[in-house]
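Student: The structure's right below; bear with me while I get my questions together.
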Amino acid sequence: MMIPQDYPRVIIEAVEPQVDGGRFPIKRVVGERVVVSADIYKEGHDKLAAVLKVRKVGEKRWHESPMTQGDNDRWHGEFTVAAIGRWEYTIEAYAERYLSWVDEITKKNVPGANLNSELLEGLVILKTSAALAPGAERARINGIITAIESALAAGEQQGAIDLGIGSVMRRSMASCPDRSEGYELAPPLAILVNRPITRFAAWYEFFPRSQGTMPYRHGTLQDSIRRLREVKAMGFDVVYLPPIHPIGHSFRKGKNNSLVAVPGDVGSPWAIGNEHGGHMALEPQLGTWDDWDQFVATCRDLRIEIALDYVMNCSPEHPYVAEHPDWFFHRPDGSIKYAENPPKKYQDVYPLNFGTSDRAGLWQEMLKIFLFWVDKGVTTFRVDNPHTKPVPFWEWVIGEVHRRHPEVIFLAEAFTRPKMMRLLAKVGFAQSYTYFTWRNEKEELTEYVSELTSGEMKEYFTGNFFANTPDILPPILQYGGRPAFIVRAVLAATLSSVYGIYSGYELCENAALPGKEEYLDSEKYEIRVRNWKAAGNITHIITRINQIRHDSPALQTYNHVRFLAVDNPQMIAYAKMTDDLSDIIVCVVNLDPFHKQYANLHIPLATFGIAEDEQYQADDLLSDERYRWSGSSVYIELSPTTKMAHIIKIRRW
């Protein structure tokens, strides 16, 4: 082994946060802090200094802030990201020669000690730093150097020492450290900074074709515009639209996914394309581009963002089939294969073949679709089944979209293996669907939410907790009735800062196909006109939940979930709080939609900054009831006939 000619004198390791050793960026939103820590040390007894350096990608100048040393050589620093886009950060650490000299000469400065040699060594250090100093500081340091030399010449050792280690010299030297023997972590670590709505938003999904008022009449974008005001009144931030493109004719699906469609059946919106166009066209029955522009303008006026389903399926009539047959899978007889997910068959759609020899053409066209809809006012894409497409494609296409439009948000609809879900988040998806839909018990909710919000996943993965979807009607909603709908809404909206519901949830719709987690008379295959004022609806509860979220900074945070002790397995309790404890929210939920449950809740008073003998106020934001509590143990009772949950704001008395 050859002797190294150069090597770092300072060790920087175990840097946090980072994802896969820096292969992928961590994620933050505008205005969010990034807290960085690292092990920093070197051989010997030199004093060390470290700075945290950050800049937006493309900038030349680093912005520096000092790091502080904690226990066991662990150093800490932080910065705030101020704009969307890609950022990078690194750490530079170096031996602080001046402070090391101050430490050495201070320890040796005992009566009778001859420190002439040490003072001469100090002068070398001071002169080196003076050459690095800005004008005013350079003059000040050189003046002190001259005074030290005069003191030495006069035999005034203590005077020379006092000048060298005095407060004036320390301040001046802090402005010009000698970093010649330092080490900078390379390559820098990356940060992808998104808009705040990425981490805090309430989503509402509806089918525009169902927003009319007459059964069997195809709804329009004008009908949807009227519906938007009701969505906004409920407190939602994002309206999510399934595909709004022309629908194919061949093998069109009938009601309840029937293989035989009858005249008047509208088909599945996911079977995209016919003679009117494909992914960059509107379904004519929805309206015109002028109608779309009005829809976008209304959303903008209401401060609602539009999320559009991005689906890489093509009906047999899609223009791509004739123009680019090589983009599809073919059977040995030359016919194009339809989509399958055994035992399910989707005869009405053809999947795209990402192994095509025309990969460049296919990838560029998929990018073109994204950019087309961004130009049409779409700011968020819910991507259908991204786990069935090559991950390198997603890393490329998201990067290309962000290069032009860094504000765009991507949601991965990937109910798949955990490793694939995590990888999709790492390569650029800002949000992901989650397994929350199937997590009902206390233990599994606690374990799953802790995994998402407390471990490494919190650095890159934001789970969007949908309580239901057009594809999924979970058993708890099928059998739990209205109380279950309330429970799942509270859990989704308070465990995650990003959650969503599919329309009909507020009406507690729960008719399912026998033995399946699917809706009977699914809106995926037919038009559904609803009575939004139907008896038993929970619209007012959802509205109140969303209002509480908007009024509570603690509920706008994703990572700050702390589960609390409650002595009943049918009840779950957890807290969210801001860093400064100015907002503390405690949620207690009865997970049993059929029976009254009661328990003793343990309040972590010390965590909340409350003394054991101090009274404090507990305001139930759901019911507007107010309690005065004292001590750490509180009795809680929740019932399907009265209330299923508390969302409590803790206030110091």
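We number each residue from 1, going along the chain as drawn.
Positions of Cβ are set from backbone N, Cα and C atoms, glycine also.
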Student: Same alpha-maltose 1-phosphate site as D348, N385, K524, Y525 according to TrEMBL: which of K232, K253, K458, K596?
Tutor: K253
Student: Between the binding-site residues K253, K524, whose Cβ has more other Cβ atoms within 10 Å than any of the rest?
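Tutor: Sorting the candidates by Cβ neighbours within 10 Å, the top entry is K253.
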Student: Name, in the order they occur in the sequence, the residues of the same chain whose CB lies under 8 A from the CB of D348 (alpha-maltose 1-phosphate binding site) and which sit 6 or more residues away.
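Tutor: The answer is G248, S250, F251, R252, K253, G267, S268, A271, S315, P316, Y338.
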Student: Can you check how the pLDDT averages out over the domain 'Glycosyl hydrolase family 13 catalytic' (212-549)?
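Tutor: So the average pLDDT across the domain 'Glycosyl hydrolase family 13 catalytic' (212-549) works out to 97.
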Student: Near D471 (site 'Transition state stabilizer'), which residues of its chain come within a Cβ-Cβ distance under 8 Å, counting only those 6 or more away in sequence?
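Tutor: Listed in sequence order: E518, K524.
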Student: How would DSSP class D384 (active site, nucleophile) in three states?
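Tutor: SS state of D384 (active site, nucleophile) = strand.
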Student: According to DSSP, which of helix, strand or coil covers D348 (alpha-maltose 1-phosphate binding site)?
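Tutor: Note: D348 (alpha-maltose 1-phosphate binding site) is coil by DSSP, not helix or strand.
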